[in-house]
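*Asks:* I'd like to ask some things about the structure below.
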Amino acid sequence: MMVTTATAKYKGTKMREEKLSEMIEEKVKEATEVCEAEERLEECRVAWDEVEEVSQARADLRIKLKLLNHDPLESFCQENPETDECRIYED
């Protein structure tokens with residue numbers, strides 16, 4: 001199985017993915033600390049739920065990047081072919 005990663009075209013997108021990765025690391029540390037004490041079982045569940053949510057946000061961003069890793073005008077023109085920006089001229 002071949003795994004490909006989408007490359008971000010824009011700095012902000014790359015920074016967002018990096019921040020999400022950092023957040024995941026922080027949340028894992030927090031969850032590990034919270035779960036060390038057995039009497040805090042409910043807090044432990046909540047902490048790991050937060051890890052899952054941030055991980056899913058990063059996964060969603062990667063999926064979005066794969067889907068949008070092409071010219072934004074292409075998707076615009078698919079939805080709005082009648083606009084001036086999307087006209088095709090034949091010679």
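Placement of Cβ uses the backbone N, Cα and C atoms for every residue, glycine included.
Annotation source TrEMBL lists coiled coil at 21-71. For C35-C44, C77-C86, the entry in TrEMBL reads disulfide bond. Feature annotation from TrEMBL assigns domain 'CP12' to 20-91.
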*Asks:* Could you give the Cα-Cα distance between C86 (disulfide bond) and C44 (disulfide bond), in whole Å?
*Replies:* 53
*Asks:* So if I draw a 10 Å sphere around the Cβ of C86 (disulfide bond), how many other Cβ atoms end up inside it?
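*Replies:* For C86 (disulfide bond), the count of other Cβ atoms within 10 Å is 14.
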*Asks:* Restricting to the coiled coil (21-71), what is the model's mean pLDDT?
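*Replies:* 87, rounded to a whole number.
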*Asks:* If I take the alpha carbons of C35 (disulfide bond) and C77 (disulfide bond), what is the distance between them in whole Å?
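*Replies:* About 51 Å separates the two Cα atoms.
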